[in-house]
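**Q** Dropping the structure in here first, questions after.
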Amino acid sequence: MTIRKSNPYLSLVNSYLMDSPQPSSMNYWWNVGSLLGLCLVMQMASGMFLAMHYSSSMELAFNSVEHMMRDVNAGWLMRYIHANGASFFFMCLYLHMGKALYYGSYKSPRVLVWSMGVMMFMLTMATAFMGYCLVYGQMSHWGATVITNLLSAMPFMGGDLVPLSIILSLYLLYISLKTFMKMIFNQSYMCPAKGWVKKVLDNTFCIKKYMHMYLSSRTSPXLYINTMSNMQHMKIMSTKSHTKDRDTSFLEKDIKNMDRNLLALMVGFMDGDGYIRMNKKSKDNMNYIYMSLIMNLNKNDLKLLQYFHQQLNMGKVYNMTPKKGNKLARWEMNKLDLFNKMEPLLEYHNMKFLTETRQKQYLLLKYIKHNKLVYYEDIINNNNYINEFIENNTLMDNFIKLDYFNNWLVGFTMAEGSFLIKKNKDICFQLKQKYNLELFNNMTLFFNTTRKLNINKNKYMQFNVSSKNDIQNMINFFSFSNNQPLLGNKLISYNKWLFTIKNSMRYKELKTPYMSWHQKEQ
């Protein structure tokens with residue numbers, strides 16, 4: 001190993017100057033910034049030596065410059081380096097600005113870096129003008145006159161200000177000569193500070209951007225960074241860019257302020273009507289993991305989905321028309337929503353999906369997130385570990401002891417429950433879903449009913465109650481408890497169900513809630 005890599009001090013320099021990993025999209029235009037730094041160092045060094053022999057006096061200024069050229073050892077070289085260095089400095093400056101304009105560096109989110117550069121450009125021009133006047137010769141005088149005549153560009157009063165400014169120009173130059181000298185020195189030593197501020201902002205932005213790209217590569221197939229060789233060859237495999245980054249994470253206050261009861265209702269609703277889909281998405285000859293949570297409901301439930309979307313600020317809600325069937329309302333959350341919003345929210349409030357299928361889907365999502373699996377083949381390679389993780393974390397019993405079970409059950413009823421009214425005006429309540437025997441046994445215990453579960457040949461579990469005692473328990477649960485109320489079309493069905501009970505002689509002894517005329521109309 002070479003000394004520049006083995007030596008602890010040289011290796012640091014090597015990592016920044018020689019083997020520094022850079023994006024492959026960079027080109028030679030990025031050298032202009034370092035050339036500006038070189039020009040700045042040259043100007044500061046030559047200017048410091050020139051200032052040692054300069055006299056900031058109106059009578060001696062020009063003579064002191066001639067003294068540098070004739071009497072000072074290598075003074076002519078210092079002056080020409082300083083003069084030509086200024087020209088090269090501005091050439092590099094305009095090339096640097098042109099590169100930034102061409103590549104859109106002034107656009108969001110680099111507005112702050114661009115603004116700092118513009119401020120430095122204005123200060124550099126002011127410094128150059130003051131330095132031009134320090135020689136106090138003919139060119140200095142006419143240069144100051146030209147700048148003074150810029151006042152004529154001012155509307156109305158500009159023409160009157162020019163004669164006054166010309167009369168006072170010599171006096172102003174005399175007064176300001178020493179001031180110019182002080183300001184140039186201040187600007188010269190402030191310029192590196194401003195440059196470092198800009199550099200810090202620029203590097204902070206770049207680090208943030210690279211971190212964003214790296215994290216996105218772990219969660220989204222839209223961006224891919226080849227990290228197999230310690231990011232030596234960084235590749236951005238994306239042709240689509242968005243001017244505004246999506247909000248991909250909850251703030252801590254948003255998680256804490258979330259209504260826990262409403263969240264439990266929404267989890268129950270997703271448990272019933274939602275499903276977490278996982279498949280592979282091929283791009284650039286790579287199979288990425290793609291996950292989403294989807295809920296398809298009747299088009300009449302569009303407002304309900306929009307309400308839930310407004311509360312959680314996750315995914316998108318839209319109407320869709322399948323090839324076969326009626327129009328549907330869909331709520332779809334992508335992988336970023338699930339990883340950065342849904343999972344932290346449920347973990348903070350210590351909530352889980354309770355149906356067996358949804359539990360397995362959610363635990364698979366957690367495993368993929370916490371183990372940073374990106375490629376679909378990773379799931380196959382980790383299949384044994386995934387099965388063990390799901391088996392150890394699946395909740396199989398004691399559902400009714402969960403503090404959020406009541407509100408979860410309201411949401412699950414909105415998805416899978418039915419308030420049935422038969423032709424003979426008999427009523428019953430029904431819950432139906434597949435592969436959840438233990439969950440439905442817990443519901444039987446929760447409602448304290450003696451009815452047995454019906455299990456058909458397709459393994460559909462059906463919880464069905466129709467006795468007066470059981471119906472009263474249902475009314476007590478949905479109307480006389482402190483649970484979240486039913487929402488959407490299920491609330492309309494429940495009100496019709498209650499209205500039938502109120503007007504039936506068979507159920508007249510049952511206690512029912514007061515119904516407004518609006519509820520009766522429903």
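Placed from the backbone N, Cα and C atoms, the Cβ positions cover glycine too.
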**Q** Do TYR16 and SER108 come out on the same side of the membrane in Swiss-Prot's annotation?
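**A** In Swiss-Prot, TYR16 shares its side of the membrane with SER108.
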**Q** Can you check how the pLDDT averages out over the topological domain 'Mitochondrial matrix' (106-110)?
**A** 85
**Q** What are the DSSP helix, strand and coil residue counts for the topological domain 'Mitochondrial intermembrane' (132-154)?
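**A** For that range the per-state counts are 18 helix, 0 strand, 5 coil.
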